[in-house]
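Enquirer: One structure, as structure tokens, below. Some questions next.
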Amino acid sequence: MDGESPEIMPVECPDPEPASSESGDDHDIPEPLSSRLSVPSGELNLYRAAVALRLVLLAAFFRYRVTRPVADAHALWVTSVACELWLAASWLIAQLPKLSPANRVTYLDRLASRYEKGGEASRLAGVDVFVAAADAAREPPLATANTVLSVLAADYPAGGVACYVHDDGADMLVFESLFEAAGFARRWIPFCRRHGVEPRAPELYFARGVDYLRDRAAPSFVKDRRAMKREYEEFKVRMNHLAARARKVPEEGWIMSDGTPWPGNNSRDHPAMIQVLLGHPGDRDVDGGELPRLFYVSREKRPGFRHHGKAGAMNALLRVSAVLTNGAYVLNLDCDHCVNNSSALREAMCFMMDPVAGNRTCFVQFALRDSGGGDSVFFDIEMKCLDGIQGPVYVGSGCCFSRKALYGFEPAAAADDGDDMDTAADWRRMCCFGRGKRMNAMRRSMSAVPLLDSEDDSDEQEEEEAAGRRRRLRAYRAALERHFGQSPAFIASAFEEQGRRRGGDGGSPDATVAPARSLLKEAIHVVSCAFEERTRWGKEIGWMYGGGVATGFRMHARGWSSAYCSPARPAFRRYARASPADVLAGASRRAVAAMGILLSRRHSPVWAGRRLGLLQRLGYVARASYPLASLPLTVYCALPAVCLLTGKSTFPSDVSYYDGVLLILLLFSVAASVALELRWSRVPLRAWWRDEKLWMVTATSASLAAVFQGILSACTGIDVAFSTETAASPPKRPAAGNDDGEEEAALASEITMRWTNLLVAPTSVVVANLAGVVAAVAYGVDHGYYQSWGALGAKLALAGWVVAHLQGFLRGLLAPRDRAPPTIAVLWSVVFVSVASLLWVHAASFSAPTAAPTTEQPIL
């Protein structure tokens with residue numbers, strides 16, 4: 001290491017503070033800052049009874065299906081029964097963790113009275129906010145600027161907030177837009193604090209159609225709002241000018257204002273960059289108030305090094321923030337997720353700083369909303385149900401982490417089990433690393449053993465003791481560097497944070513000062529591309545490499561619990577509604593990540609996770625294996641079309657009275673369980689139906705492709721990336737100094753697939769079912785087989801169920817728009833359906849014996 005790097009200083013863990021209460025009586029137990037409430041027993045018991053009835057009827061239904069084969073369509077019958085069994089097993093795995101839902105309540109007034117007493121400095125813990133910006137070409141810089149402004153204007157002590165924006169593409173446009181946002185923040189933040197406006201993303205705030213004059217707003221507020229809106233319009237003009245200029249990339253690359261080339265002209269080969277935008281000494285807003293800190297970060301990238309995408313960027317920010325600000329908690333956001341509730345950070349602190357459960361809470365996952373109200377079923381049903389067990393899963397954004405949990409430590413209850421162990425025993429436990437207990441043993445050893453060399457004493461015995469301490473010190477340092485990396489400043493901050501967190505209140509934020517030059521140099525070092533080599537980053541500490549769900553899974557496996565927070569006003573909201581291409585691309589990425597976790601040797605919930613309960617494990621298995629259900633679902637959606645076009649059936653033609661009653665009761669139990677689930681979750685029926693249609697579209701497209709991509713990636717190491725462009729586009733900017741050979745080598749392990757390719761399967765399914773419905777009805781009317789309308793009605797009902805789920809997708813596919821619909825997807829679908837039908841007729845003409853006409857004549 002460089003000689004100017006900071007030395008590791010001795011770290012002493014302070015004794016825990018005595019518990020205090022709001023009344024001031026030391027003997028009183030402090031009031032909790034949050035509580036978990038169960039769903040009313042009447043609603044929950046009815047829901048459980050409906051699920052149990054559905055399970056019993058499913059067992060009877062499968063007994064009927066297995067014992068009543070269809071002789072003239074044996075292959076179709078076997079296929080349909082196999083699909084039904086597969087889908088039923090998937091439903092059961094996902095249903096069992098959903099039997100104990102819970103609701104959370106936070107007490108912001110108690111948080112304020114405990115940590116923000118009048119006349120005293122705020123003792124709320126420091127929070128480092130990470131904003132991930134991946135590609136400025138797809139993510140408008142105005143969206144990133146709004147996200148940053150909403151974070152900086154949050155209702156939280158300014159000295160306790162530090163915002164880090166990671167630019168994974170090293171784009172000069174992102175840097176310039178953040179520079180403009182930092183200047184606008186000096187006026188926007190005091191405006192929000194003076195008037196308490198919501199939301200605090202200026203684009204979302206000024207887009208609200210509210211008549212403030214009708215509400216008799218104060219004249220000063222109306223005047224300030226008009227002036228601020230005028231300034232924001234000017235800010236948008238400057239941002240749009242930057243975006244327009246960025247489309248014309250100079251041949252020699254971008255040049256900064258001082259005449260030097262932009263270091264990130266080559267997005268795949270550039271040095272690390274860190275710039276302090278807010279937080280210099282004397283930085284004040286227009287009202288003279290303190291400003292939060294804002295940093296621009298772009299990690300180093302070199303050919304030949306794996307960068308691990310978003311997880312690698314988050315780990316880089318975790319190390320940089322530890323060196324510069326070292327907040328006790330970390331909140332990560334995507335660049336298009338704005339803070340919609342200014343009290344979001346306080347809501348998170350109600351869980352993290354809770355005197356009862358705070359030491360066992362690894363992260364708080366917030367609900368993520370958009371203007372269309374999507375994902376209501378996932379957040380308001382599935383996440384609440386997991387919250388009743390060990391906690392919700394991590395979904396990749398809108399999550400507040402404990403830094404201690406990210407570093408691989410175990411919760412306080414597990415960490416305090418063996419505090420009487422000596423130093424030698426500690427070393428024996430931590431020599432191999434990879435376990436939370438070894439990390440906690442190291443923490444105790446670090447607090448017990450000074451980290452600076454002791455001076456030799458005259459006494460021989462003291463010299464021997466000093467020599468032994470130095471040997472142990474070298475061993476500890478080597479072990480720490482193998483685990484965390486070769487950065488004394490980062491290692492010291494890791495154990496400093498633990499001592500501060502164990503003090504009881506999570507520590508108080510330091511004053512806003514500009515980082516020393518030596519700290520910035522160390523921060524540059526910890527984001528170098530070679531820093532993680534031969535360390536445990538991405539395997540045991542930080543964000544796990546292999547999928548976002550794996551990060552929360554590893555924490556739960558160590559014994560931590562998590563919390564789900566969904567305040568009345570959503571904490572975070574998407575800047576703009578996602579396009580269909582972005583929806584499919586996002587669904588594809590999540591499904592591929594889920595398959596990667598399921599097939600992982602380290603993070604698979606099927607066998608990993610020593611401290612997971614059965615229901616929590618089933619919740620993770622359901623979350624990781626959901627793409628597999630796309631295989632039977634796609635086949636089952638195609639079966640009605642096959643039956644209508646061939647005159648075959650997957651059910652026996654003679655249905656007894658008992659069989660009919662069983663089928664009716666099964667359908668009733670399905671409807672009852674869904675209705676009761678919507679009742680206790682308060683999810684509107686319209687939102688549920690929208691989620692069902694989206695589930696069908698993504699299951700037959702993105703999830704179906706993800707199954708093969710996951711298997712391909714696990715077997716060959718080839719990753720498949722999806723592009724939201726319908727045609728090949730030129731590179732974003734020139735890669736100076738990188739010839740074609742190096743570029744091909746960088747892309748050798750990645751296959752790019754356009755999003756329109758995902759539309760072939762759902763388009764084929766809906767076209768085949770529509771063709772089957774039209775052909776079957778026309779054939780029945782033309783030939784007068786009215787006695788067969790009963791059997792035909794069942795087939796039409798199944799085909800109608802498929803078409804009803806995909807009709808929104810079909811309307812969107814054929815709707816008029818600025819550009820033509822993806823013709824290639826429609827053509828491939830029609831060709832696929834036609835070829836499949838002809839092959840069936842060709843095979844049936846040689847295999848089926850000649851028979852007299854019946855009411856079940858093949859239509860083709």
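Keep in mind that glycine also has a Cβ here, set from the backbone N, Cα and C atoms.
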Enquirer: Using the annotation in Swiss-Prot, determine whether VAL66 and LEU813 are placed on a common side of the membrane.
Expert: yes
Enquirer: When you average the Cβ positions of ARG138, GLU139, ASP168 for the UDP-alpha-D-glucose site, which other residues in that chain have a Cβ within 8 Å of that mean position?
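Expert: Checked against the 8 Å cutoff, the neighbours are ALA133, ALA134, ASP135, ALA136, ALA137, GLY169, CYS335.
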Enquirer: So, do the transmembrane segment (790-810) and the transmembrane segment (44-64) meet, by the test of 3 or more Cβ pairs under 8 Å (sequence gap 6 or more)?
Expert: no
Enquirer: Through the lens of DSSP with three states only, how would you label ASP334 (Mn(2+) binding site)?
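Expert: It is in a strand.
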Enquirer: Cα of ASP168 (UDP-alpha-D-glucose binding site) to Cα of ASP334 (Mn(2+) binding site): how many Å, rounded?
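Expert: Cα to Cα, ASP168 (UDP-alpha-D-glucose binding site) and ASP334 (Mn(2+) binding site) are separated by 12 Å.
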Enquirer: If you run through the topological domain 'Extracellular' (65-72) with DSSP, how many residues end up as helix, strand and coil?
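Expert: When I sort the residues of the topological domain 'Extracellular' (65-72) into the three classes, I find 5 helix, 0 strand, 3 coil.
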Enquirer: Could you round the CA separation between ASP334 (Mn(2+) binding site) and GLU139 (UDP-alpha-D-glucose binding site) to a whole angstrom and send it over?
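Expert: Cα of ASP334 (Mn(2+) binding site) to Cα of GLU139 (UDP-alpha-D-glucose binding site) measures 10 Å after rounding.
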Enquirer: Let me check the 10 A CB neighbour count of GLU139 (UDP-alpha-D-glucose binding site). How many other CB atoms are there?
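Expert: The answer is 20 other Cβ atoms.
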Enquirer: With the transmembrane segment (44-64) as the reference, find which of 627-647, 658-678, 758-778 contributes the most Cβ pairs under 8 Å.
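Expert: Out of the listed stretches, 658-678 contacts the transmembrane segment (44-64) most.
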Enquirer: Roughly how many Å lie between the Cα atoms of GLU139 (UDP-alpha-D-glucose binding site) and LYS310 (Mn(2+) binding site), rounded to a whole value?
Expert: 15
Enquirer: Restricting to the same chain and to sequence separations of six or more, state which residues have a Cβ under 8 Å from that of LYS310 (Mn(2+) binding site).
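Expert: Same-chain residues close to LYS310 (Mn(2+) binding site) (Cβ under 8 Å, separated by 6 or more) are ALA132, ALA134, ASP168, GLY396, TRP543, GLY548.
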